[in-house]
Amino acid sequence: ICCNPACGPKYSC
């Protein structure tokens, strides 16, 4: 997962 807004479309928590 990627809990950072910088991840763009990959954002997930």
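Note: Cβ is positioned from N, Cα and C throughout, glycine not excepted.
According to Swiss-Prot, Cys13 forms a disulfide bond with Cys3, chosen from Cys2, Cys3. Cβ crowding, taken as the number of other Cβ atoms within 10 Å, peaks at Cys7 among the disulfide-bonded residues Cys3, Cys7, Cys13. Counting only the Cα atoms, the space from Cys2 (disulfide bond) to Cys13 (disulfide bond) is about 6 angstrom.
Comparing Cys13 (disulfide bond) with Cys7 (disulfide bond), their Cα atoms are 11 Å apart once rounded. In this structure, Cys2 (disulfide bond) is part of a beta strand by DSSP.
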